[in-house]
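These notes concern the structure reproduced below.
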Amino acid sequence: MGTCRESEPTQIFVPGPIIVGAGPSGLAVAACLSNRGVPSVILERTDCLASLWQKRTYDRLKLHLPKHFCELPLMPFPKNFPKYPSKQLFISYVESYAARFNIKPVFNQTVEKAEFDDASGLWNVKTQDGVYTSTWLVVATGENAEPVFPNIPGLKKFTGPVVHTSAYKSGSAFANRKVLVVGCGNSGMEVSLDLCRYNALPHMVVRNSVHVLPRDFFGLSTFGIAMTLLKWFPLKLVDKFLLLLANSTLGNTDLLGLRRPKTGPIELKNVTGKTPVLDVGAISLIRSGQIKVTQAVKEITRNGAKFLNGKEIEFDSIILATGYKSNVPDWLKENSFFTKEGMPKTPFPNGWKGEKGLYTVGFTRRGLSGTAYDAVKIAEDITDQWMKFNGPLSCRNICSSHIIHLHFNKS
């Protein structure tokens, strides 16, 4: 008797690039390619666009920078949007962006492995449903693909709720509770501020030095002021000006337990990727005592935490505002372009292109403006190659979501 053999995974040939990730970065590349007539396919592990924004951000979140610094290529924000759009408005902008350029990602496709095949000269991207194959691979999973959970001694002993900010929505779930907030970046500051709205008692852990700047100065964006000054003055001089501005509006934050780094805010961002905190009200609550600043945690106990200064405090809940990391090393089988942490080895502005048709977007540590820059560069480069392979007519005859399915069965 004959036996039925298991069929090979479905082979899906993509005439244009495969883009992994349907966040703003992946959509920006797809839009720029579509505008040039080059097809692409986006593989997205979740069931929606911009899943970080839709599923892993808190309700009160707004863009930290003015909207004109956060626009995706080819489509500005609506004029009636406020200077700092809310999370909900940004999501609506992203959805409108995808609709305008007819971008239709393949959802619920978790990339298990992507590797280059030297024999065929193609990238093979394996998901649970098949293997996508293309000449080009664009990594658009970004710097914030996975939450970072710190290794704090005793954390598993704690009997109360422990929540990463990726799962935090609002302070309503922590009303009237004493909460330990681990982390003092923009998320840690904003979560602490939000907790105060619900009469919670946040204690924010500050382990390292941190730059805090006012978000605005006399109605002008601090970031906008910095970008304008950098066109005319050296970086170190602009950093000195920003610190003078911060001290004049926020006071000496060292006195609040927020030590400033010796390196200036912009230089530190460029070198390490550490973003300065843009204050939206937390500093005044720290000064009034509504938000407590604490030293680094020595260990977590069943009911609270012991600190390096010897103090021990009981807490009802712990919120981990400890950021995110790249997940590229988990699935991309390539070790010459990315570091072991999953970041491009080549710094901005040249970190968008690797070898053998590999590209990366959303890893600039320069927010959405860096994403837009990379997306345009990638689309230009791929279009040049596409034209050589296919000619100008092909660019207009294939829609952006076109893919060819090839089924191979064992004999």
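Yeah, the Cβs are placed from backbone N, Cα and C, and that goes for glycine too.
It should be emphasised that the depicted structure is a prediction, and the values quoted were computed from it without experimental measurement.
Cβ-based neighbour count (10 Å, all protein chains) for Gly23 (FAD binding site) stands at 25. Sequence annotations record features per position, and here Swiss-Prot assigns FAD binding site to Gly21, Ala22, Gly23, Pro24, Ser25, Gly26 based on sequence analysis.
Taking a C-beta cut-off of under 8 Å and a sequence gap of six or more, Gly183 (NADP(+) binding site) has these contacts in its own chain: Thr165, Met204, Val205, Leu320, Ala321, Thr322, Gly323. In the three-state DSSP scheme, Gly183 (NADP(+) binding site) is classed as coil. Among the features that Swiss-Prot reports, NADP(+) binding site is placed at Gly183, Cys184, Gly185, Asn186, Ser187, Gly188, with the record citing sequence analysis.
Counting only the Cα atoms, the space from Ser187 (NADP(+) binding site) to Pro24 (FAD binding site) is about 20 angstrom.
Using a 10 Å Cβ-Cβ cutoff, Ser187 (NADP(+) binding site) registers 24 neighbours. Taking the mean position of the Cβ atoms of Gly21, Ala22, Gly23, Pro24, Ser25, Gly26 as the FAD site, the remaining same-chain residues with a Cβ inside 8 Å of that point are Ile19, Leu27, Ala28, Ile42, Glu44, Leu49, Ala50, Ala140, Thr141, Gly142, Val361, Gly362. Taking Asn186 (NADP(+) binding site) as the reference point, none of the binding-site residues Ala22, Gly23, Pro24, Ser25, Gly26 has a C-alpha atom within 10 Å of its C-alpha.
Once Cβ contacts within 10 Å are tallied over all protein chains shown, the binding-site residues Ser25, Asn186 are led by Ser25. Other than the site residues Gly183, Cys184, Gly185, Asn186, Ser187, Gly188, same-chain residues with C-beta atoms no more than 8 angstroms from the centre of those residues' C-beta atoms, the NADP(+) site, are Val181, Met189, Glu190, Val191, Val277, Ala321, Gly323.
Annotated pair Gly23 (FAD binding site) and Gly188 (NADP(+) binding site), C-alpha to C-alpha distance, rounded: 23 Å.
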